[in-house]
Structures are given as structure tokens and as C-alpha cells.
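A short write-up of the structure that comes next.
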Amino acid sequence: MSGLINYGSRANRRSPPSSVEEQSENPFSETTATNTNTNTRDGGNDAVYSSSEQDTGYDGYTDTSVREDGRGGADRMETIDESSRGGRRDDEPFFDPTFPSYEEEEPLEMAFFDHVVQDYGEMGIVGKTRLFVRQSLSFGLTLGALGGILVLAFAAYFNPFKKQRPRAKPDREYERRITGERLSGRPEYYAEFWGYHCDTHDIITEGGWILKAHRISDPRRGGPPGHPVILQHGILCNSSHFFVCEERSMAFWLVDQGYDVWVTNIRANFEAGHTEYPRSDPRFWAWGLKELAFDLRDVVEFICGATGKPRVAYVGHSQGSGSMYLALSPGICPELGRRLSSFTAIGPSVYAGPVLRKFPFSLMRQFRGRKWWSTVFGVKEFIPALALFQKYAPSFMFAHLAYVIFYYLFGFDDSSWVNRQKGKIFRTLPHSTSSELLYWYMASFSHRGCIFDPRQERWFPSTFPPHTIVYGTADYLVLGKPLADRMAQHESNVKMINTVALEGAQHLDFIMAVDAIRTTFPAIHDCIQSSLHPSERDEEMEEKEGGRRGY
């Protein structure tokens, strides 16, 4: 049987069909199936957000600036007071500024551009043979491409004429100390090393996927747990990235503020499985961003049940925020907003940045048909050679190679990080993920430039929780300024707590930068605290409000 459904997820039952569909082929069946829409449209606004324009401030807004010295006296953080915006709206509809050639089409039924994953069904001998041949071909092609990227990456890394950003200046004692940590991919190790307790939980989604969640607590702190906070990682990452900055890690810092911290993972992380499908089954990997958005309701419901609290605070980095935006939109599960006391998006992946239009992504974007994408990248794990190399190569060697590749691909560097932490950051980066998810990013997101239809007057209903956006002016993977503008000008249902523009911050700096403890972390704390009902406030947290550790 051949068709296109969302196998094993709520999206199969609840999401209405896409209004415009494109032809795509199941590489393991004799029939042709239909796939996601490709609607695009040119709007009525002449504004263009280039990579340089994101560095500018907000014209027409009154700014109340909070300055932090994070780089030898350079202004690092600018907080934009939402109360000063006054609900100003443009006469013209908002549109995606990175997408110059829209075509006139009928409006979508939903705010987001729908994407429907492939249903591979039960395979016979012929189908399994085709799968083996296709995956073997994909392994060889991607291994060769990875080798070529590595050569180009090292050439760029050792280029004597490259521009280098000034390095951050942490205090000398902190920078030079020897902690004794080893390179590990296990959050439990880092929690134990720094005196925290880590409980690992399995969250089973309605579709049968098993998600790993780590609950962090401080055994030195008495009293009941505080307000629950969920930390969700970005693409190609896992939960360990909230633990690798020693005692200044985001997870530990939030525990120190009195919160009950839950660090969660998407499908397939930490060898997590499925109640029915083995990891070798292509159905195990048949999911995109919409399926991850549906998973978030299961995650929130599980944590509410485990803590006995009616609401949780949510913090998402990159894809972790993009999936929550999608989850809160009509057509997915907007009622989830009633379960969230607040939502903080750091480096939100709603608008695509200019990096996705450069090589090698400019080449990957050409594989818009599923047949050709699956031939090159397979239908299961994305570039499985990376996982093998990560598993068997020495940790230090893999971490260094991974950094060089990411430096070349995404353009961010380690100038804001402590040198000894770089190996821990890239010990598990990149992490295994679905080829289908990357197909959506390349064939849909990078072309449209936005996960939502910019012609829609509103993307979000009144159930959307109180919200803060933190973005970097040097983040060229995703753009935060057009999202902040969209919220200010069109999303009247969204109560904005704050919009924080970090001057010179890159995509990973929100978590990894040496000054994140003075810029990003307090913004998260303020969003959570300003949105709590008095009955939800932990007494000890209120006592610490005047003197939080790390300020």
C-alpha cells in the first residue's frame, strides 16, 4: 500500500489536508503519491531583511536598554520594552522578507505550510531489497560528500585571511581553571559531577515514540520542587547541551533559582526507540517538524502529571522554539497554551536566515522531490556515517572535526565560549535525526523562508502563553528580528513580556556564551516570574528574587 499519511501521530487524524499539493514518489512502491504544498506569494511590503539589517534596532519603538558588558566593554544586550509598542500595525499584510518571488494562490486553511510524511507500510522482499540498495547508495554518496565538506571546512578554518571576531573576556581564574571533567555525552555525568541529581524518564507519545527527559534537582536544596520548567534543544542537538558549561550551564542555573527543571529530547535521541518499530524500520524515521510539535503536548502532559502542577514554563532553543510555535497554532494543538505559564524562545527558528541560501545548502535545496532526496540522503537516519564516526572515533578528535564542519556550514565560531568547553559542546553535535526532517528544512523551510503563511492576519489564538523572544544580531541561521516585528505588528493575541536583542550573538551563544549567564538566563527567569500566578510562586524563589546567583 502506498500513500502519504502522518504515521503514528495525531497529525494523521487532526490536521486538515494541505490546500496545494506537489507530486512526489515513494521510492519503495510502484505508485506515485502526493506530498506537501509549495505555495508562495509576493506580499505588499518592500522591506527586505538582509543579514546586515538584523543588526539594527527597532525603528519607531521606544527602547529601555539594559546593557551588559560581555566583550571588553561592548554593548551586549538590548531589552526592548513591549509596553512602548502601542499595538502599531502596518496597513499592508506582513510577508516573508527572505522570499522575493511569491505567486498568487488561495490562502491556506491553516497558518502553517503543511508537510505530510511518507507512509512506507509493511514491506515485502522486493521493498526491503529496494530499501537496502537505496540506503547503501545513500551511505556511499553522503560519506563522499562529507569528506568533501571536511576538506572545504579545514581550508576555511585555516584560511589566514579570514575575519576573526574578538574573543570574549571571562575572568582569568574561571578561564584557566582545570575542572577535571571528561568529554561525555551523558547529562547524568555532568549533573553528578557538579553535585546535582538527574532522573531520566521515558515519555511515550501517542504515536508510540519514546522520548528521553532528564529531571534535574539539587539535593543540597531543601523544600518542595519549584515551578516546573522545560528546556527543549535545537536541531541536530540533544539535552546534553544544557549541561556542558559547568556550573554556569542553563539547566543548573535554573535549578539554582529554585525551578524544577526538565530537559527533554526529540525522537531518536539517546538511542530512544518506539513501542512497535525498530530503528531499522523507515517508519521509525518518518517524521518532520509537525510530528515533533504534536509530541510536545505529550511531553507537557507527562511533566504536569509527574509534578502535580497544572502549568509549566517552556524554554525552546532554535527548533525547540519552532516546534512549539507550530504546536500552539490552529490546526495542531493550540489548547496546549493553557498548560504553559510562559514560553521563552531563544534563537527561534521561524524565519530562515541567509546561511540556508549558501553552499552546500544551496545544493541541498535543489532536491525538492522526495525521490531524489531519498536517493542521496536515504529515508532513515540523516547521514548515518556521522553517528558511526561519533561512536567509534576518539571523543576529542570527533569534537574538533565537528566544530570545524559546523564553523564552515553555519558560520558561527567559538569567540564567545570558554575554550575548554568546546569539546564538550561538540561531543554529541551533530546528533542523529531524521532524513525526513532535513528534507522538510531544505525542500520547504529554506525555500519559503518561514514555517507559517505570512499572508495570514494572525498566526496564533488567544490561548498563546505570555512570551519572550531572545535573538542574536549575528545569528544568520535563523532571523529573530522579523519574528519580533511580526509579534509587535500583527499578533495581538500574544502577550509579549520582552524582546531581547543580543548584540553580536550567534546561534549557539544563547546557551554556550561565557556571558549567557548575564544576558539570556535572566531574560528567561524574568519571563517565567512575570507570568506566574501568586499560587505558583515558590516561597524560597520569592526570597531569592532580590539576589539571584549569577546576576
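Note: Cβ is positioned from N, Cα and C throughout, glycine not excepted.
Automatic, uncurated: that is what TrEMBL annotation is.
The region 'Disordered' annotation in TrEMBL covers 1-93 (among others).
The compositional bias 'Polar residues' annotation in TrEMBL covers 15-30.
Look at TrEMBL and you will find 65-92 tagged as compositional bias 'Basic and acidic residues'.
The transmembrane segment annotation in TrEMBL covers 137-158 (among others).
Annotation comment: TrEMBL describes 188-243 as domain 'Partial AB-hydrolase lipase'.
Sequence annotations record features per position, and here TrEMBL assigns transmembrane segment to 395-412 (among others).
Per TrEMBL, region 'Disordered' is recorded for 532-551 (among others).
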Is it possible to list how many residues within the domain 'Partial AB-hydrolase lipase' (188-243) are helical, extended or coil according to DSSP? 10 helix, 22 strand, 24 coil
Which residues, given as numbers and ranges, are at least 6 beyond the ends of the transmembrane segment (395-412) yet have a Cβ under 8 Å from it? 149-150, 152-154, 156-157, 183, 355, 360-361, 389, 422-427, 429-430, 474-477, 506-509
Counting only residues at least 6 beyond its ends, the same-chain positions whose CB falls under 8 A of a CB in the transmembrane segment (137-158) are 360, 374-378, 383-386, 401, 404-405, 407-409
